[in-house]
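Enquirer: Positions annotated as ATP binding site by Swiss-Prot: Gly130, Thr131, Asn132, Gly133, Lys134, Thr135, Thr136.
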Amino acid sequence: MESTTEVELSRLPDSLRGRILVTGAGVSGTGIAGMLHDLGLDVVVAEDNETSRHRLIELLDVDVVGTEHARASLGDYSIVVTSPGWRPDSPVLVDAASRGLEVIGDVELAWRLDRAGVFGVSRTWLAVTGTNGKTTTTAMLAAMMKQGGFNAVAVGNIGVPVSAALTSCDRVDVMVAELSSFQLHWAPTLVPDAGLVLNLAEDHIDWHGSFRDYALAKTRVLTAPVAVIGADDSYLVELTTELGLSGLIGFTLGEPGPRQLGVLNGHLVDNAFAAQLPLAPADGINPSGPAGVLDALAAAAVARSQGVSAEDIAGALATFEVSGHRGQVVAEDHGVQFIDNSKATNPHAADTALAGRESVIWIVGGQLKGADISELVATHAHRIKAALVLGADRAEIVTAVEQHAPDAMIRVTDSTDPVAAMRELVDHAFRFAEPGDCVLLAPAAASLDMYKGMGQRGDIFAEAVLSTIEGQKEK
């Protein structure tokens, strides 16, 4: 990799002037190592996976060692930069911390380099996090900033790695960053120019150890001078109050109070940076439904804090297209809608997907990651016509449906073949579906027990639906 932008090495933070250990040679780790290598720094990468090791060696002229070797030589390093997915209880990270070595992540590293002026004048950082809606909101906010004339790009989990945005030959002035709880855990000094927490619900408990630790990681973005939260999320409001956070901007589906954005007379309205200023019609926002309106309000709150006009917000929303697997109607056949919301990887996201539907044939299952699905099932029992269940935690889901939605039909596939399992459930869906029903893929669980990711899961669902419809036409 070659550096593509002017750098000021004299501004390099002292902690990065010694030997640096990077843990992980995946996408993030490779990006970290590449940026540090291009700066001429002394980098060693720890990775046990042989395929990842060989791929990195082909890309970069850096030393690659196993994690046990790295543990045995921690005294050689001045700092550890970890890939965000590495858990805090990983032995090499535990040992590093016990020796007093600082452990940070890719976002923290990029933040420190940018704020130190290594890549020129510091960028504006707009950080977006929460349990659900991050990607859509980040994309909306980037679109609003661009519409307002800012040189902005969406970075982080949504697409461009933060390291790539910093080193790009086309300078970026505004980084609209979708940040995960993992990245924020490893970002102890990050203070973005604006921080947004959309909502909080149980997720990644297996990684963080508790819901509270997960939530506290998310709230790190609220150290920003402009801090925005979902005012309809009672737990988030209670937590920020407990933490003594003040001066927050809120967004709500209701009429906005002081320092809030909300909905009034069918319009998104700003009552935080103006007096009940209409921004855009609530009708026609993509994605449709309450979740889309909330995402638009959240993005608008941050955009308004940066000086984007109501006209530019309306213009951005008018042309905004949602990313895949977030509520797309795959097909409509004989009065039945087939909807792909594979991105609903936890109960909170599935709750949003189920809300407002009248009669749902629900395809659900995967890895619950420690989350409890009982409340979700009980809340929507009246609309669940059938539950079609797959995945590693299928037994737990079946128990919840039997207890809390006893009138729902249940079908379970024990197949671990990703295509066969989905086709089996789609076949059941076609047999059960009647005009007015919605066949909804909203798994409420992660996909990696059977699929390469939520995208593949959604694609296979769509393929199964469309091929079944086509097959029926040929009969």
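Keep in mind that glycine also has a Cβ here, set from the backbone N, Cα and C atoms.
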Enquirer: Near the ATP site, what residues other than Gly130, Thr131, Asn132, Gly133, Lys134, Thr135, Thr136 in the same chain have a C-beta no further than 8 Å from the centroid of the listed C-beta atoms?
Expert: Val128, Thr137, Leu198, Asn199, Asp295, Ala349
Enquirer: Could you tell me which three-state DSSP class Lys134 (ATP binding site) falls into?
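Expert: Going by the DSSP assignment, Lys134 (ATP binding site) falls within a helical segment, counted as helix.
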Enquirer: To see if you understand the setup: which same-chain residues, six or more apart in sequence, place their Cβ under 8 Å from that of Thr135 (ATP binding site)?
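Expert: Once residues fewer than 6 apart are set aside, Thr135 (ATP binding site) is near Asn157, Ile158, Glu178, Ser323, Arg326, Lys343.
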Enquirer: What number of additional C-beta atoms lies within 10 angstroms of the C-beta atom of Thr131 (ATP binding site)?
Expert: 24
Enquirer: Can you check which residues sit near Lys134 (ATP binding site), meaning Cβ under 8 Å from its Cβ, same chain, 6 or more apart in sequence, and list them in order?
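Expert: Listed in sequence order: Val128, Asn157, Ile158, Glu178, Leu179, Leu198.
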